[in-house]
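Below is the structure I would like to discuss, written out as structure tokens.
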Amino acid sequence: MTNTRKTHPLIKIINHSFIDLPAPSNISAWWNFGSLLGLCLIIQILTGLFLAMHYTSDTMTAFSSVTHICRDVNYGWLIRYMHANGASMFFICLFLHVGRGMYYGSYTYFETWNIGVILLFAVMATAFMGYVLPWGQMSFWGATVITNLLSAIPYIGTTLVEWIWGGFSVDKATLTRFFAFHFILPFIIAALVMVHLLFLHETGSNNPSGLISDSDKIPFHPYYTIKDILGVLLLVLTLMALVLFSPDLLGDPDNYTPANPLSTPPHIKPEWYFLFAYAILRSIPNKLGGVLALVFSILILMLFPLLHLSKQRSMMFRPLSQCVFWILVADLFTLTWIGGQPVEHPFIIIGQLASILYFAIILLILPTVSMIENKLLKW
């Protein structure tokens, strides 16, 4: 008698993806983040669904409805803060997942990698629109500043911005459409995740050595299911510690003031996970140049497969490239710090140097160092 798990048309797909999937025997904890991102997405969709049951997307009542959720709804405060801090956990996992891909050369699976970059854009768009929904000061002014960037597009810019706003400023129409998009995008993300996995399972997973591991595979279950459960426990522990002990740690106090179009907050800044891109945007004095730098700071990830000049896939045995990689990580931390600082000396020049270094490392230094390593190894 054949096993239902292997013959049933629907269960068979799940079996090939999560149970009998042949996985390399040596993948480290850095490979846990895919499943953790899946968990984050599920948490966000579920908490978001319950929040949407009580939220009203109207400028007059949006702020009050969030207050109502926190004060009057059973465990509403828990759902709201799980959703807000869940986004932070989502981005921590995302950045680590992308960093893993860069370090171990996973970008050579370029279909999987490019879908991943599109997913990153989609998650960033969703998070941005979600930040607008509570209709606090930072929600309103963040939406105004970021949507206004589109006016830098030649010829159609101004029309485009007014079209997105649904009027001549960020108002009721903007909030309503942002809520609609914020609701639908996670489901589009879930569909893209399926495509991401489809492409990944065409080739199989990469591993820390970067070598082909076809001759040494082990079943995903029980080995990596158990390993993933450990990651899940650590993620949930961190998230709940954040939610229950300091839920506002990563938020902005300005967002507890209802949106007021007549008073600008002293420092307009996005959530922490956008600060690196915000710093790159601000480091260029020209509006269009800044917008292009902002978009290209993420889009540049798509160039990684083309810029890979090393004869080795992974950085595991490339100490020079490792050095450059960790300088890039330090540079991103610097950009994140600068993004949260006011636009004044010395932060302006530090931001400009960090932005130049970011693009220089990816476009110039890493490929050059890769070629030097090839030469040193007489390849």
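Note that Cβ sites are derived from N, Cα and C of the backbone, with glycine treated the same way.
What Swiss-Prot records for this protein is below:
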type: BINDING; residues: H83, H182; note: heme b b562 binding site
type: BINDING; residues: H97, H196; note: heme b b566 binding site
type: BINDING; residues: H201; note: ubiquinone binding site
type: TRANSMEM; residues: 33-53; note: transmembrane segment
type: TRANSMEM; residues: 77-98; note: transmembrane segment
type: TRANSMEM; residues: 113-133; note: transmembrane segment
type: TRANSMEM; residues: 178-198; note: transmembrane segment
type: TRANSMEM; residues: 226-246; note: transmembrane segment
type: TRANSMEM; residues: 288-308; note: transmembrane segment
type: TRANSMEM; residues: 320-340; note: transmembrane segment
type: TRANSMEM; residues: 347-367; note: transmembrane segment
Which one, 33-53, 288-308, 320-340, has the most C-beta pairs under 8 Å toward the transmembrane segment (226-246)?
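The stretch I would name here is 33-53.
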Relative to the Cα of H182 (heme b b562 binding site), which of the binding-site residues H97, H196, H201 has the closest Cα?
H196
Please determine which of the binding-site residues listed here (H97, H196, H201) has the lowest count of neighbouring CB atoms within 10 Å.
H201
In terms of Cβ proximity under 8 Å, which residues at least six beyond the ends of the transmembrane segment (33-53) contact it?
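Distant contacts of the transmembrane segment (33-53): 69, 79-80, 82-83, 86-87, 89-90, 93-94, 96-97, 100, 130, 182-183, 186-187, 189-190, 193, 228, 231-232, 235, 239.
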In terms of DSSP three-state secondary structure, what is the assignment for H196 (heme b b566 binding site)?
helix
According to DSSP, does H97 (heme b b566 binding site) fall in a helix, a strand, or coil?
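Reduced to three states, the DSSP call for H97 (heme b b566 binding site) is helix.
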Using all protein chains in view, find how many other C-beta atoms are within 10 Å of the C-beta of H83 (heme b b562 binding site).
21
Whole-number Å only: compute the distance from the Cα of H83 (heme b b562 binding site) to the Cα of H196 (heme b b566 binding site).
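Here the two Cα atoms lie 24 Å apart.
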Can you work out which residues elsewhere in the same chain, 6+ from the ends of the transmembrane segment (347-367), have a Cβ less than 8 Å from its Cβ atoms?
279-280, 282-284, 293, 296-297, 300, 303-304, 307-309, 321, 324-325, 327-328, 331-332, 334-335, 338-339, 341
At the Cα level, what's the spacing in Å between H97 (heme b b566 binding site) and H201 (ubiquinone binding site), rounded?
17
In the same chain, who gets a Cβ under 8 Å from the transmembrane segment (178-198) while lying at least 6 residues past its ends?
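For the transmembrane segment (178-198), the nonlocal Cβ contacts are 17, 38, 41, 44-45, 48, 52, 55, 57, 112, 115-116, 118-119, 122-123, 125-126, 129-130, 132-133, 143.
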Which number gives the other C-beta atoms within 10 angstroms of the C-beta of H182 (heme b b562 binding site), all protein chains shown included?
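Its Cβ shell of radius 10 Å holds 21 other Cβ atoms.
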